[in-house]
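One structure below.
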Amino acid sequence: MERMARVTTALTGRTMFCHLDAPANAISVCRDAAQVVVAGRNIFKIYSMEEDHFVEKLNLRVGRKPSLNFSCADVVWHQMDDNLLATAATNGVVVTWNLGKPSRNKQDQLFTEHKRTVNKVCFHPTEVYMLLSGSQDGYMKCFDLRKKDSVSTFSGQSESVRDVQFSIRDYFTFAATFENGNVQLWDIRRPDRCERMFTAHNGPVFCCDWHPEDRGWLATGGRDKMVKVWDMNTNRAKEIYCVQTIASVARVKWRPERKYHIGTCSMMVDHNIYVWDVRRPFIPFATFEEHKDVTTGIIWRHMHDPSFLLSGSKDSTLYQHIFRDARRPIDRANPEGLCYGLFGDLAFAAKESLISSSSSHDSNRKPYDRRHPIFFLRRPDPTEQFENISSGLSVFEAGGGDMGWFVATAERYALAGRPLAELCDHNANVARDLNRWQVAQTWTMLRIIYCSPGTVPPANPNHSLGKSGTSLPLLNSFNLKELPSGIVGESRLEHSKGDSRADSILMDPAAINNDENEETEGSDVPADYLLGDVEGDEDELYMMDQEQPHTEEQEYVLPQEGFPLRHEIMDNPSALDHLQEKADSPHVSGNEAETVSLTPVESFSLISISHALYENRLPSDFFSPTVRDMLCFYAEQGDVQMAASVLIVLGDRIRKEIDEQTQEHWFTSYIDLLQRFKLWNVSNQVIKLSTCSSINCLNQASTTLHVNCSNCKRPMSNKGWICDRCRQCASMCAVCHHVVKGLFVWCQGCCHGGHLQHIMNWMQNNCYCPAGCGHVCEYS
């Protein structure tokens, strides 16, 4: 065909694009880099690349009836025959196309052996008639285009095949990537089993590409947002480079003539194309930002020209990118870096000029030594390498930045296994020993808030008052005449509006003998309700009017001392005179003077009674918002240890006040710090005691135990403790002849052993091996 003529001149052009009729799924170029084929669900066309634009040359979707054979998931152009194309159809058919046919329909052969969608097709780089395909059904098939059926079928014994690529240097080798994260290497001469298999990614591996120069380098990309470069020349696949991206990696392509450059595009979210230098994986070397939707296919225009990149996208555009027009993120990046060390050290890296200028203002700091530069770089072509930035590194040791307190606190804290009061007291003592006074005070306040004082037994069952030994008779005897004269006194509670509350339980004898005084003036509560029945329980005397709401809020005059002092009970005539003066005061009504206040006076104090006369405690739920704010304060200050520890100790008392996401963030941060300091036991304890379900499962999902048969050394299956290969039980106890599933102890001389306790009991009475081998064993 005239339109398929080869172009032998040097490639020229500029950044250009053309609109397609439909979104593209894959693109491929011919050997001479003059034409490109675009394939998709509703498009299958060939374009020629002119100096400054694309020209449509051929539409391969012909026929009146639409066919799924034209719905392509992948397309490849043979690099040895310009007239040969292959497509992977979404209905599981592999189709070859012969552009040399004189008819309008260029379809050549159909291979219908796959049962599900074919994800990838690949021609052998040197064998004209060899075609390889990978499908969702988990099989890979090798076709000879001179035959109607496949010549080899490869079963990965795994999930869907995502990509297949022939090695450029090894004639018989190809690589396949799978949905479960594995990569397999196959020899086309041995379809029964793969040559090598290893887990490359955490999740599906969507793509792979062999290095065009180094025969042992294989690049892979997956859903875990990573691009990894593997060295396959060693006995085991070795990861030599890793690039972290911001989205799932859909395509990877090594850049020609640049050993360390690789191009990538994402499957979702990110529409840009990135070119990475795998030696500098933290920032892209170049980016192309022209596409407005997901990029589905990328390919370098010529295998020996690194300047032209072609791409197709779901935005129905086909682009040719010129490398000189690419954006360089390094030009807009901040060349300063800041990082905290594990033990509180602060490292700061900046431009050498910045450090040199700042050092002139700080004569005490040692200037940066130019004899030991951070980066030793050659003088490369500035358009093909990262900018050479000479940086200086300074390390600061901040005062008080030592993290020894964190380790000591984590190791000594008690989080469970004791009553709440003991946990709070223990943790307060730990914080106090480490001179963390605010933390110690916080634990003490938590004990006061959430632990009832009623659990503490009284020092004297007779409720002794003070140190003089004068005891207060039980109030249910109702003989107020026997009370000491220092107690039966006169006081008052000053009210803002003159109405008194029924808070008095001790009254003047004259008032008691007055039968006409049936109610306390200014109160709606009967006096006999306050005092209770003569034969009633003692606690009934302490009841307050908590059920009947008051119409007006009471206002009281607060005492001058917030915490009343405890006084001894003694006869003090001056106290009687003092009380009498208060009773004669014109500001006090008669009945108010007869009431006895709970506020302590100079001569005595009812606070000395071990049991409160009435319940003056607020419920612990009242303080929950305050405790929540306190935990948020510690978290904002960076002390997630305190926030996570209080969450564990208080449990359901405070968990409902804090949203699940915040709790998970605190626990995750604390566990990360513990693991950085290698406090594995404390970390596991926090995971087990965590109140978040997502945290509890951390040590269950990340722990894998591999067991090998002690006889044939082969890995054990998940079916039990019997080896499938040699049909013997693993790790039998020489004493009880059962499988040892826990600690196993054995003799280093004869290699027999068993359960730890069984061997200990056996060796107490015997010196020979319990297996009967005759060896003299010793337990130490």
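Any Cβ shown, glycine's included, is placed from N, Cα and C.
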Correct range for zinc finger (source Swiss-Prot, candidates 179-201, 294-316, 317-339, 708-730): 708-730
Listed binding-site residues Cys726, His758, Cys769, filtered to Cα within 10 Å of Cys750 (Zn(2+) 3 binding site): Cys769
For the Zn(2+) 4 site built from His752, Cys769, Cys773, further residues of that chain with CB within 8 A of the site's CB center: Ala734, Cys747, Cys750, Cys751, Tyr768, Pro770, Ala771, Gly772, Gly774, His775, Cys777
Zn(2+) 2 site, defined by Cys733, Cys736, His755, His758: further same-chain residues with Cβ within 8 Å of the Cβ centre: Ala734, Val735, His737, His738, Val740, Gly754, Gln757, Ile759
Per-residue Cβ crowding (10 Å cut-off), top of binding-site residues His755, His758, His775: His755
Neighbour tally for Cys777 (Zn(2+) 3 binding site), based on other Cβ positions within 10 Å of its Cβ: 22
Contact ranking winner - 113-153, 156-196, 200-240, 290-333 against the repeat 'WD 1' (67-107), Cβ under 8 Å: 113-153
Environment of Cys747, Cys750, His775, Cys777, the listed Zn(2+) 3 site - residues of the same chain whose CB lies within 8 A of the CB centroid: Gln748, Gly749, Cys751, His752, Cys769, Ala771, Cys773, Val776
